[in-house]
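J.: Pasting a structure here, questions to come.
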Amino acid sequence: MYINWPHYYIPKFNGLCSFLVNPLFIFIIFADKRLQLGNYRYLLSYFAIFNMTCSACDILVPMCVHDHRYAFSVFIYDGLFKKYSEINQFMLAVRCSFISGTYAILHAHFVYRFMRTCNNVTAFSNKFLSKYFLPYGMIASVVYCLCHMVYWVVACFFFIGGDRERKLYMRETIKDVYGLDSLDINMIIALYREGSYDAVQKSLIGVVAITFLSVDSVIIYFILGLLIMKRLGMNTLIMSKKTKKLQAQLMKALIVQSVIPTVVSFAPCIFSWYQPVFGIELGGSVYHSATIAVSAFPFLDPLAILFFVPTFRQRLNEEIGKILQMRKLTNRSDPNAETVSSRVP
């Protein structure tokens, strides 16, 4: 179903950018010979693969946010999983869980960076990371991410999944605005008032559960970030100036990587979840922008490291230059291209 051109095209454009930027990001971090990132390259590539998976899921399970009176809802408006079924309802919960998965992967990055700056046990921590991060550290990171996502799926599927009562509450507004019957589509609905005790109680439990995980994740970023910056600022830190400078650059990039999902995912979600508590409706454009924003972070996150680490930025410029140079050579070798270009005044 077509809603409007920004809602339809921008998430797809963001997905295309994700599939262009993330493979390039993986190539650059593995081709680099100067920084010697070691096992951290695998954690970065894991995040890039997760970003592309998130973009693919965003395209396959396109979502729309709609708030009405005292209810918040998310539903699948198009694609293979549009028609209601238990499996498709589960897929909607899985799509939403990728927000939580982002938090978990960033936690793994912060923990890795913190261990690298634990100077009192630097030799031990560096040896530990070198010896045990592959495969145990990566396995732990993946399992931790899956636990976050399962937690989110349970909350979305069992507590704020759209049952008949809550779908009937949204039926008229969904029909008027989108021309869809809420009973025939897959929805997540949190109803705060004007419903039965069971529907309101389940909604509150589900929303509070995912809010707790989201807020807790941001707090963990903040605490670990402060500890890492404090360690990097200590004069007793046993590191070469070059290594210390690299750690500071990676930390700045990680902070930006954390700010991006906080701004484009956490903030819009919190706003959408709790705005109906007051029975306020702000219009479709505000709700649609939340979906558009969530689709942006899978390609914005790798750009943070590419731009904040000078070596990566230089390599990115070199690769772009090579692509442009190859294009020029192709145009020169194509006689038709020369004929067309010669006609241009």
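Cβ from N, Cα, C; glycine included.
The feature transmembrane segment is assigned by TrEMBL to 12-31, 43-63, 90-112, 133-160, 204-229, 250-274, 286-309.
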J.: Considering pairs 6 or more residues apart, do the transmembrane segment (12-31) and the transmembrane segment (204-229) have at least three CB pairs under 8 Å?
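T.: Judged by the Cβ rule, the two regions do not touch, with the required three close pairs absent.
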J.: Counting only pairs at least 6 apart in sequence, do the transmembrane segment (204-229) and the transmembrane segment (43-63) share 3+ Cβ pairs under 8 Å?
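T.: In this chain the transmembrane segment (204-229) does not contact the transmembrane segment (43-63) - fewer than 3 Cβ pairs sit under 8 Å.
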J.: Residues sitting near the transmembrane segment (286-309): Cβ under 8 Å, six or more positions beyond its termini, same chain?
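T.: Beyond its ends, the transmembrane segment (286-309) has Cβ neighbours at 3-4, 6-7, 10-11, 14-15, 17-18, 20-22, 25, 28, 35, 44, 47-48, 51-52, 54-55, 58, 63-67, 99, 102, 246, 249-250, 252-254, 256-257, 260-261, 263-265, 268-269, 271-272, 316.
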J.: Which residues of the same chain, at least 6 past either end of the transmembrane segment (133-160), have a Cβ under 8 Å from a Cβ in it?
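T.: Residues packing against the transmembrane segment (133-160) from afar: 39, 42-43, 46, 50, 89-90, 92-94, 96-101, 103-105, 107-108, 112, 188-190, 202-203, 205-207, 209-210, 213.
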